[in-house]
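As structure tokens, the structure follows; a few thoughts come after it.
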Amino acid sequence: MKVCKFGGSSVADAKQIKKILNIINNDATKKYIVVSAPGKRHNKDVKVTDLLIGLVEAVTYRKDYQELIAQILERFLQIERELNIRHSLIETFRTQLNDYIMRYQDQPERLTDALKSCGEDFNAQLIASYNNEQGIMTTYLSPGDIGLIVSDEPSNAIVLEESYEKIKNNLAHAEGKVIIPGFFGVNKNGDINTFSRGGSDITGAIIASSLSSDVYENFTDVSGIFSANPNIVDHPASIIQLTYEEMRELSYAGFSVFHDEALLPVYRSQIPVNIKNTNDPDHPGTLITNTRQSTGVVGVSCDTGFASINMKKYLMNREIGFTRRLLSILEDMNISYEHMPSGIDDISIILRAHQLEGKEAKLLEKIEHELKVDALSIEKNIAILMVVGLGMKTLVGTANKATEAFKAHNINLKMINQGSSEISMMFGIEEKDANQAVLAAYEAYFTH
Ligand code: ASP
């Protein structure tokens, strides 16, 4: 038995929906289907989730929002028309949107999550209803119906442990195909809370894990994961297989094909994830598993928007508790960091620059005052390039390849870090060099 998830572009219009139904209806093992909200039909199109966020803003700022409701419903109406659906659901959807607006207009966070959930929710109902009309027994079940209980953290919910058992029991006797909307769950009081953006991947992973699915098939619009960003590298190699850990390292620094929070449930229950293409379903795609035959580097990723807080203090290495006090300052200010390269008398904290918004001056003042450092500076516009691959452990010269390539392109390295697990290497560079560095590293590892 398989759990399948179809992303926004796979369910963006009637043509795509027919494709996904073809994929699931022709395979009895594909039983549990998680769907996203309709995504972009072309480059300039707007995702239904973004239209819904626009609706939240209009309601919150007391603007006229009827036009937006009409625009959202039009997306679904067009799908219904092109599918020749006999029993239209549009009026039910209209009532649902208006109900949420009435109920939550003075509770912005609840309103946001309730309205945001509608993209997935309506799409799942519509697809289930159409499949039934085609004579294929299909059930729509909402996250509330199946027991997907999440923390009460609007727009950033986390699944609660109890959900796994509940989902397993609730879905045990479901008949026919089961269609479930992705992206949201309900808290213990039944209020809707969404995951972070792109969170339908998380829903699919939770269900796959609850049901011990043989594989979690995640359908998108590319044939698997590439070794580097295809917007930077021309036709990069596809990755046939990689491990959960390698995927985590790559998605941390910009690989967005699969939501990084979705890895945890499948990693824990060791369910393989197969990233596949709705438009080319016979292509094997990329398989994410617990282990694999180790080869060299599997991918190169790069993300921008980092900052580095650099400090120096003479005899820092002798000062017991220096790092602990530094980390307590970060903890008190609710700031998380990503890397902490250090020397004997200096240490740097690399973090996502957005975390400093509104806190920078206070943070620097605290470090200066409490740690009495000799020098303190903050550098922004830093990019982090990750070279990832299990094989690194046993391969001599992996770092050398990248540094040679950077040297050849005159790219200045600000820092280098390798974790103890030896599955990735981090290079800190200036943002302006990011694309050139990806090209250089890709060439060094994949074309020689
Ligand atoms: N529709 C949501 C988004 O656009 C969730 C998803 O597609 O996974 O973020």
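Using N, Cα and C of the backbone, Cβ positions are placed for all residues, glycine too.
Copied over from TrEMBL, here are the features:
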- LYS5, PHE6, GLY7, GLY8, THR220, ASP221: ATP binding site (BINDING)
- THR49, GLU120: substrate binding site (BINDING)
- 387-448: domain 'ACT' (DOMAIN)
_For GLU120 (substrate binding site), the number of other Cβ atoms found within 10 Å of its own Cβ_ = 30
*Provide the three-state DSSP residue tally for the domain 'ACT' (387-448): helix first, then strand, then coil.*
31 helix, 13 strand, 18 coil
_GLY8 (ATP binding site) CB neighbourhood, other CB atoms within 10 A_ = 25
*asked:* Can you go through the binding-site residues LYS5, PHE6, GLY8, THR49, ASP221 and pick out those with a C-beta less than 6 angstroms from ligand 1?
replied: GLY8, THR49
*For the recorded ATP site, whose residues are LYS5, PHE6, GLY7, GLY8, THR220, ASP221, find every other residue on that chain with a C-beta no more than 8 angstroms from the centre of their C-beta atoms, and list them by sequence position.*
SER9, SER10, VAL11, SER36, GLY39, SER200, ASN218, PHE219, THR278
*Surrounding CB atoms that lie within 10 Å of the CB of GLY7 (ATP binding site), all protein chains*: 25
*The record names LYS5, PHE6, GLY7, GLY8, THR220, ASP221 as the residues that bind ATP; what is their largest Cα to Cα distance in Å?*
12
*If you skip the near sequence neighbours and keep only those at least six away, which residues in the chain come within under 8 angstroms of ASP221 (ATP binding site), Cβ to Cβ?*
GLY7, SER9, SER10, ASN277, THR278, ASN279
*Since the record lists LYS5, THR49 as binding-site residues, which of them has the fewest other Cβ atoms within 10 Å of its Cβ?*
THR49
*So which binding-site residues out of LYS5, PHE6, GLY8, THR220 end up within 10 angstroms of GLU120 (substrate binding site), measuring C-alpha to C-alpha?*
GLY8
*Report, as a single number, how many Cβ atoms besides its own are within 10 Å of the Cβ of THR220 (ATP binding site).*
24
